[in-house]
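Here the structure is laid out as structure tokens; the discussion comes afterwards.
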Amino acid sequence: MQFDVLLCACRLFGESASNQLEEMDQITNVMEYQEIARQKLPKMVYDYYASGAEDQWTLKDNRNAFSRILFRPRILIDVSKIDMSTTVLGFKISMPIMIAPTAMQKMAHPEGEYATARAASAADTIMTLSSWATSSVEEVASTGPGVRFFQLYVHKDRNVVAQLVRRAERAGFKAIALTVDTPRLGRREADIKNRFTMPPYLTLKNFEGLDLGKMDKTDDSGLASYVAEQIDRSLSWKDVKWLQTITSLPILLKGVLTAEDARLAVQNGAAGIIVSNHGARQLDYVPSTIIALEEVVKAVQGRVPVFLDGGVRRGTDVFKAMALGASGVFIGRPVVFSLAADGEAGVRKVLQMLRDEFELTMALNGCRSLKEISRNHIVADWDPPRVVPKL
């Protein structure tokens, strides 16, 4: 009898594993990972990754705004060879698609940031590690070679900041991505409802030895309480200057949405700008990143590279961002959702699918290299009526 039960259980497990493998094989686009992640993750964790601030208008528009841009493809161009490679801050990568910082990845999968780092390295692209990672800078560096950036929040205790930056430098990280849109945490109502806190078996590994690695349980969002206690609300342009005195690493400002701040970023020595609305998790009713991008690009006038982070789910999205002047894009949620669904293999597949889609979009628009992608390849619904040139 016991043997029969065991045999039945083994069969059921085998069928379940087989069904899961089949499900992964059938994925044809990045968006499909989100539903698998929703089914697999605890509600509190899924909602933390998936939700935005307040009404979530910007969360929806981060995606919807891409559909307000159409292509103007050029035909009869030899596209038998396509080169997607590019250089970011002097580092050559295989494509202009990089990994954004997303916190606490071991909530999605036991290997967390280790798996993401290996997938990025295999795809020959850049991974940005979150300050609030569940793996330390040293642990991520130990996964092997790869170009990696470190995302930084400025804590009230500047010694903590200086220590973190020094550790990132020693671990071989190549740039600091300073988040500038979080003096306070946005109102994320799903986290408040769920009383979000990090699972007790995890720690924010970069802060482990500083008694800052744990998050207390509260009556609303544990993360909001953590930010209120630890993150410096007085952060200003003088701190960007201060950061340059403690590190020789290039500093990217992440969270710029306006021409005014883009110009100030250049004046204050930023090596690059990441147009980001924090995955629509901070201030609701700010523009989607793709809408804000062109204003920022025009303001910097080519003095520093501008990147886009937010809403990218298709190779067509990457092309549209490049046509509007971006030097590359970062992806966040697709990474954690694919990580939850299938670990390192999932992240690898997301990067490969986006690469394949982007290559196809380039070919069908008549572009053989990134420098051939131009504003003339797209028309946006905010453009003035196009005057057809006379023959």
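Heads up, the Cβ atoms here are built off N, Cα and C, so glycines get one too.
Taken from TrEMBL as is:
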DOMAIN    22-383  domain 'FMN hydroxy acid dehydrogenase'
BINDING   Tyr48, Tyr153, Arg188, His278, Arg281  glyoxylate binding site
BINDING   101-103, Ser130, Gln151, Thr179, Lys254, Ser276, 309-313, 332-333  FMN binding site
ACT_SITE  His278  active site, proton acceptor
Report task. Between the Cα atoms of Arg281 (glyoxylate binding site) and Arg313 (FMN binding site), find the distance and write it as a whole number of Å. Result -> 17
Requested in this report: Count the Cβ atoms, other than its own, that fall within 10 Å of the Cβ of Tyr153 (glyoxylate binding site), considering every protein chain shown.
Outcome: 21
Requested in this report: Would you mind giving the whole-number mean pLDDT across the domain 'FMN hydroxy acid dehydrogenase' (22-383)?
Outcome: 94
Requested in this report: Could you state the whole-number distance in Å separating the C-alpha atoms of Arg333 (FMN binding site) and Tyr48 (glyoxylate binding site)?
Outcome: 11
Query - Candidate nearest Gly311 (FMN binding site) in space, where candidates are the binding-site residues Tyr48, Tyr153, Arg188, His278 and distance is Cα-Cα - result: His278
Query raised in the report: For Lys254 (FMN binding site), which of these binding-site residues sit within 10 Å, Cα to Cα: Tyr48, Arg188, His278?
Result: His278
Report task. Enter the number of other CB atoms within 10 angstroms of the CB of Tyr48 (glyoxylate binding site). Result -> 25
Report task. Note down the number of other Cβ atoms within 10 Å of the Cβ of Lys254 (FMN binding site), including every protein chain shown. Result -> 27
Query raised in the report: Quick one: Cα separation, Arg313 (FMN binding site) versus His278 (glyoxylate binding site), in Å?
Result: 16
**Report entry** Number of Cβ atoms other than its own within 10 Å, given for Arg281 (glyoxylate binding site)
**Finding:** 24
